[in-house]
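Straight from Swiss-Prot, the features:
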- 1-249: domain 'IMD' (DOMAIN)
- 115-148: coiled coil (COILED)
- T248: phosphothreonine (MOD_RES)
- T257: phosphothreonine (MOD_RES)
- S261: phosphoserine (MOD_RES)
- S281: phosphoserine (MOD_RES)
- 306-329: region 'Disordered' (REGION)
- S332: phosphoserine (MOD_RES)
- 340-403: domain 'SH3' (DOMAIN)
- T411: phosphothreonine (MOD_RES)
- S413: phosphoserine (MOD_RES)
- S419: phosphoserine (MOD_RES)
- S421: phosphoserine (MOD_RES)
- 449-514: region 'Disordered' (REGION)
- 471-481: compositional bias 'Polar residues' (COMPBIAS)
- 486-514: region 'Binds F-actin' (REGION)
Amino acid sequence: MSRGPEEVNRLTENTYRNVMEQFNPGLRNLINLGKNYEKAVNAMILAGKAYYDGVAKIGEIATGSPVSTELGHVLIEISSTHKKLNETLDENFKKFHKDIIHELEKKTELDVKYMNATLKRYQAEHRNKLDSLEKSQAELKKIRRKSQGGRNALKYEHKEIEYVETVTSRQSEIQKFIADGCKEALLEEKRRFCFLVDKHCSFASHIHYYHMQSAELLNSKLPRWQETCCDATKVPEKIMNMIEEIKTPISTPVSGTPQPSPMIERSKMIGKDYDTLSKYSPKMPPAPSVKAYTSPLIDMFNNPATAAQSSEKTNNSTANTGEDPSLQRSVSVATGLNMMKKQKVKTIFPHTAGNNKTLLSFAQGDVLTLLIPEEKDGWLYGEHDTTKARGWFPSSYTKLLEENEAMSVPTPSPAPVRSISTVDLTEKSSVVIPPPDYLECLSMGATSDKKAGAPKVPSASTFRAPVSRPDATSTSPSDANGTAKPPFLSGENPFATVKLRPTVTNDRSAPIIR
């Protein structure tokens, strides 16, 4: 595409103007954007450093876990790797500032002055050449007018030829000047774009090297990192062995473990040195399913009829409420014994196990050590201090061992063994047994109560002890003493259920009491 000198001249001037009015201002804007880019990258590096410091802290937490130790080490390694990559990125952006931002700032200020001067010089030289050409053309016109109308035509003809050559020469010069000026302007523009591209290529080379290093580093570590987290349900073999040991312990608690007394928590706060169930559970048989035998002297002050009524009411209350009888009995036991730091008991009646291997045999006055502090349906589990035999025995056949009787300092026992009132009755050597006439009176009263519709007194087999106590009369203890749970065991008045019957004295001088 051919262009005239004027069009090429306009192209040259426009090229210079584009560099001054668009390229250089664009460089200034690029410098500002580059500085913002630097700030953003530096902020990103600082934020990344803080972030991966947090990752490392979480990794340290994971190293303390028995199943996540390896994952914790991986998190720490990921943190250190990314911080190293961020440090390398920071070094590359220092080169970005040095090679691009700094150079552009320096070149832009100088180039504005240079391009302005170059354009002015080109325009001035171009104007001078045009002026010379125009003068030569004007002289040529004058010569031609003179040669056409003058007498010395040959003389003017020779001068005309000289001016034509001068105009032609000056036209060639100005065309050459315009062409060279256009070429120079375009090259100046290209040099500036080349400079910008070259600087960014240099920075891109640094970034490429950074990414190559990062890729090589990550490719060497990433598969191992992924392997540690591929299965979240995998548990180390050591931990699995520990879990299996927990699932299948050496011993399991006995299914017939007595229910704890409501006072057990209070007792635990007072004494912590009694034996626990788990210590003896492997050798402990289940508690007997039948209710424990009742002490022969437990109901000696109760009227049989009223005792039967009281027993029936108690049983009905237990059935209605649906509570555990052992829990009710534990509540009814005197609280003073719960608070005593005892673990040994003394037998007040003999007991024979017979063919039942789960029961414990002992004689009167033997010392037993409680292995289970709680009571189950009137049964306690303990060890004979002399024979070292273990088994279940009725709690009513024992009493707490007094401090002056113990050989060593007793340990706390939260078990409600028996009411103090019962222990006092059985501990005294001189127990007053009602005379036969009193028994007959009781029998008559019981017979009259039966006729009146009173509840039937439990049979002797229900409350008879396995072994008859010494010095016992022919009358059955259970027939004389009534039910197994007298009211005075719950802390009430022991004579609250005793009724005064009409009595006639043999002394005629005494008044008749009705």
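Each position is counted from 1, following the chain as shown.
Note: Cβ is positioned from N, Cα and C throughout, glycine not excepted.
It should be emphasised that the depicted structure is a prediction, and the values quoted were computed from it without experimental measurement.
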Close approaches to the coiled coil (115-148) from elsewhere in its chain (Cβ under 8 angstroms; 6 or more beyond its ends): 9, 12-13, 16-17, 19-20, 24, 156-157, 159-160, 163-164, 166-167, 170-171, 173-174, 177-178, 181, 184-185, 188
Residues of the domain 'SH3' (340-403) by DSSP state, where helix covers H, G and I: 3 helix, 26 strand, 35 coil
Around the Cβ of T248 (phosphothreonine), the count of other Cβ atoms that are within 10 Å: 8
